[in-house]
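These come from Swiss-Prot:
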type	residues	note
ACT_SITE	Asp828	active site, proton acceptor
BINDING	Ile710, Gly711, Lys712, Gly713, Gly714, Ala715, Gly716, Ile717, Val718, Lys731	ATP binding site
DOMAIN	704-978	domain 'Protein kinase'
CARBOHYD	Asn124	N-linked glycosylation site
CARBOHYD	Asn129	N-linked glycosylation site
CARBOHYD	Asn159	N-linked glycosylation site
CARBOHYD	Asn256	N-linked glycosylation site
CARBOHYD	Asn315	N-linked glycosylation site
CARBOHYD	Asn352	N-linked glycosylation site
CARBOHYD	Asn495	N-linked glycosylation site
CARBOHYD	Asn509	N-linked glycosylation site
CARBOHYD	Asn514	N-linked glycosylation site
CARBOHYD	Asn562	N-linked glycosylation site
CARBOHYD	Asn578	N-linked glycosylation site
CARBOHYD	Asn606	N-linked glycosylation site
REPEAT	73-93	repeat 'LRR 1'
REPEAT	94-117	repeat 'LRR 2'
REPEAT	118-141	repeat 'LRR 3'
REPEAT	172-194	repeat 'LRR 5'
REPEAT	244-268	repeat 'LRR 7'
REPEAT	269-292	repeat 'LRR 8'
REPEAT	293-316	repeat 'LRR 9'
REPEAT	318-340	repeat 'LRR 10'
REPEAT	365-388	repeat 'LRR 12'
REPEAT	484-507	repeat 'LRR 17'
REPEAT	533-555	repeat 'LRR 19'
REPEAT	581-604	repeat 'LRR 21'
SIGNAL	1-17	signal peptide
TRANSMEM	647-667	transmembrane segment
Amino acid sequence: MPPTLLLLLLLLPPSLASPDRDIYALAKLKAALVPSPSATAPPPLADWDPAATSPAHCTFSGVTCDGRSRVVAINLTALPLHSGYLPPEIALLDSLANLTIAACCLPGHVPLELPTLPSLRHLNLSNNNLSGHFPVPDSGGGASPYFPSLELIDAYNNNLSGLLPPFSASHARLRYLHLGGNYFTGAIPDSYGDLAALEYLGLNGNTLSGHVPVSLSRLTRLREMYIGYYNQYDGGVPPEFGDLGALLRLDMSSCNLTGPVPPELGRLQRLDTLFLQWNRLSGEIPPQLGDLSSLASLDLSVNDLAGEIPPSLANLSNLKLLNLFRNHLRGSIPDFVAGFAQLEVLQLWDNNLTGNIPAGLGKNGRLKTLDLATNHLTGPIPADLCAGRRLEMLVLMENGLFGPIPDSLGDCKTLTRVRLAKNFLTGPVPAGLFNLPQANMVELTDNLLTGELPDVIGGDKIGMLLLGNNGIGGRIPPAIGNLPALQTLSLESNNFSGALPPEIGNLKNLSRLNVSGNALTGAIPDELIRCASLAAVDLSRNGFSGEIPESITSLKILCTLNVSRNRLTGELPPEMSNMTSLTTLDVSYNSLSGPVPMQGQFLVFNESSFVGNPGLCGGPVADACPPSMAGGGGGAGSQLRLRWDSKKMLVALVAAFAAVAVAFLGARKGCSAWRSAARRRSGAWKMTAFQKLEFSAEDVVECVKEDNIIGKGGAGIVYHGVTRGAELAIKRLVGRGGGEHDRGFSAEVTTLGRIRHRNIVRLLGFVSNRETNLLLYEYMPNGSLGEMLHGGKGGHLGWEARARVAAEAACGLCYLHHDCAPRIIHRDVKSNNILLDSAFEAHVADFGLAKFLGGATSECMSAIAGSYGYIAPEYAYTLRVDEKSDVYSFGVVLLELITGRRPVGGFGDGVDIVHWVRKVTAELPDNSDTAAVLAVADRRLTPEPVALMVNLYKVAMACVEEASTARPTMREVVHMLSNPNSAQPNSGDLLVTF
């Protein structure tokens, strides 16, 4: 018996009857659970009156009693908790049979006394923030039985660590065991094979290792087994699992399995689901899998399987999902696949399949997803793919398909994505494809399509229309303006002629416009000004005439403008110098004239932007302007050019000096004044703690002084505080007032304060008043990854350490994206926001803060979505961020780890680390990943182990794909960093189908 429980029992008066003891335990439980301040009134557990007498406690919300007024069940599902813990007194409820405290974000540990409850049958602690080790049996003399009556235990999605609890044959009633989504380590105990009644085993999403025990094959009643995801086993699937005759679902995906797929699995006649994807399985698909007559879902994707799809799979008449993508399969797609009457999902992309797509595919009427991209398929696209009017995703890109696009696809109203790029398709595009009500992407680039665009266009949800590199001609119809959701319009390298229709101005969400390489004529329409979201415009290689419209200078977020190789005349609008967002300009090879402005954005453009315009002069152009054109202040050409260069230098020097002076003086004066005011208003401070803290708000305020500053950034100023023996980092948010009176801020920060993860910097609480918010974090003594990597100690951070830091940071981000409810997008992932503790373990910092900054920005932070050099390219033209934006930023961090270089600077004008790596590797005679990573690797380190470096490079390049949909999720990133063979380079848009 745990000593705590023994002490509790000794302290209770002998006269305390059992129901009264239950009331005492309930009072302790209520006192230990702190409701969220944002909870609705009345607060949770308000009816739990500690002064109640029996049997009033039986009416408490969530409490159930038996006929003797003994508590037999407690159900507190989704209780909105701010903090708290499970008290040891809960073990006094000796009649308790069902304890459910789920989805409450409950922190703390599982009390050691909990396993001693003699009647406990159902224990559900899932979806909380419980941490520490799970209690193990007391080894002392007279130990109480360990969960003697347990039938169900669900601790899914917590932060539990250590070894798995030692359940064994003594737990003869245990039917349901779910410990997934934690951080348990070590091997699966062999004793789990002695749980004779077990029907459900969930150990997925931990960090387990060792071999999968053969003893699990003795679980003859087992119906569902989930033991994959993040676990890293040695060896493969035990062939003995073929003896699990009752098994319905087997999920061993993403857990480093090797070896063949055991043919013995074919004996599992009741099996409904077999998931073995994202492993390193090799060999051929065993024909015995064709004996799985009940199978509905088969996923063997992302392995090293070879050979052909076995003919025996024709027996899988109940198959709904067949995923075999990213293997090394060859041969043709068997015709019997078209005969699967229940088939909804067929994904075979990225193999070496040849031949035609089965002609009858889709006739079954249930097909929803078809992805056969990146194979060597030939022949026509079958006409019946959407026969059942259910097809949603059609991806056939990067094959050798030929013939016309079937007209039937234009009538497929359920399609959301059509990707047929990089084939040899001919003929006109079916008019219906431009009017699909659900489609968000139509991609037909790099084919041999001809004809003209229809006069009727109206797909309300089409966000990307990609028709480049074909032979489509005629005019661009005015109806192109009837696509309200359109963000990217790509019509380059076709045969379009006539004017760019003014209706283009109706596209309010348009962010990228590319009509280059056509035969368009007329003026650049003024209506482009109505496309306020435009970030990239390419009108090059056409026959546009007239002047560059002054109205285009009103596009506030335009980053790229290319009007080269046209017939434009007149002068450059001087207002273009005020387009602060414009980073790339090309007006070359036109007939422009007059002076190039010598101010604003024009200071960053070089001569190549203006070449081929004999009438241009001044600025970076070699020809100097005559004195009259230069406004009477000219002189010799060399003098004018010298003046322009000097002006650039002067602007830079003045700006740099001013920034340093303001920062220095402001920091001294501002910090001093702020602290003085803080002292005067010390009573106005309020501290909200997310765990027990031994210091006060005033203690925190006293630490906020200039001598304690350890960092400054876009989110605020960071101070190192030491008070009452506690060491913490204090972040003073800039540009935001409101303090305790901002309920929205308080609620949001409270949400962040509930987050508990090993690789996330813990938010301890916050201190606020009317003007200021101070966030309190655990202190990380080794600073940031950026400081370490780019400072004098960067050379001491070896490849193994860099890979470990990458994996740890990825786990933290993965938790924010996939395991938080609601999910959290970081918005400012960078090496300076990855902090290192005393053991150099990585912790993600500043998560979720970007939304609190309002208009506050700094020289290194954009207004909304992150720091320069880390911002995903799509943000420039969508102004939206999502999880894939974080993935891109994380890819930049990986490139920093690989190269040892900062994300910007030292690469040339307008070049960041991503474009530099692409440029360097593209110029190599050897296009292997090994050659690529060696070409850009940090020269401070010895280039070994190469395999580890290559894996980091592969993952990095997948993360920084241009198209956000092509990037992996952070869950996939964690997997790839943990499983080197699964990191596929250049996967590009293939990942869009996940």
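Glycine is treated like the rest: Cβ placed from N, Cα and C.
Overlay of Swiss-Prot feature records on the structure.
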| residue | record | Cβ contacts under 8 Å, 6 or more apart |
| --- | --- | --- |
| Asn124 | N-linked glycosylation site | Leu99, Thr100, Ile101, Ala102, Leu152, Ile153, Asp154 |
| Asn129 | N-linked glycosylation site | Cys105, Leu106, Pro107, Asn158, Asn159, Arg754, Ile755, Arg756 |
| Asn352 | N-linked glycosylation site | His328, Leu329, Arg330, Asn375, His376 |
| Asn495 | N-linked glycosylation site | Gly471, Ile472, Gly473, Gly474, Asn518, Ala519 |
| Asn509 | N-linked glycosylation site | Gly463, Pro484, Ala485, Leu486, Gln487, Ser533 |
| Asn514 | N-linked glycosylation site | Gly468, Leu489, Ser490, Leu491, Glu492, Ala536, Val537, Asp538 |
| Asn578 | N-linked glycosylation site | Thr553, Gly600, Gln601 |
| Val718 | ATP binding site | Ile709, Ile710, Gly711, Lys712, Ala729, Ile730, Lys731, Arg732 |
**Q.** Packing count at Ile710 (ATP binding site) (other Cβ atoms within 10 Å of its Cβ)
**A.** 14
Q: State the Cα to Cα distance, in Å, between Asn315 (N-linked glycosylation site) and Gly716 (ATP binding site), rounded to an integer.
A: 63
Q: Can you grab the distance from the residue listed as 'active site, proton acceptor' over to Gly716 (ATP binding site)? Cα atoms, rounded to a whole Å.
A: 13
Q. Between Asn256 (N-linked glycosylation site) and Asn562 (N-linked glycosylation site), what is the CA-CA distance rounded to a whole number of Å?
A. 48
Q: Could you name the stretch, out of 73-93, 172-194, 244-268, 365-388, 533-555, with the greatest number of CB pairs under 8 A to the repeat 'LRR 3' (118-141)?
A: 172-194
Q: List the Cα distance (Å, whole number) between Gly716 (ATP binding site) and Asn606 (N-linked glycosylation site).
A: 36
Q) Between the glycosylation sites Asn159, Asn256, Asn562, Asn606, where is the Cβ count within 10 Å the lowest? A) Asn606
Q: State the non-local partners of the repeat 'LRR 5' (172-194) in its own chain: residues 6+ outside its ends, Cβ under 8 Å from one of its Cβ atoms.
A: 121, 126, 134, 149-166, 200-219, 226-227, 229, 758, 819
(Q) Are there residues at least six beyond either end of the repeat 'LRR 12' (365-388) with Cβ under 8 Å to its Cβ atoms? List them, or say none. (A) 320, 325, 333, 341-359, 394-406, 408-409, 411-412, 414-415, 419-420, 425, 990, 993
Q: Calculate the per-residue pLDDT averaged over the repeat 'LRR 7' (244-268) and state the result as an integer.
A: 95
Q. What are the DSSP helix, strand and coil residue counts for the repeat 'LRR 1' (73-93)?
A. 5 helix, 7 strand, 9 coil
(Q) Between Asn606 (N-linked glycosylation site) and Asn562 (N-linked glycosylation site), how many Å separate their Cα atoms? (A) 14
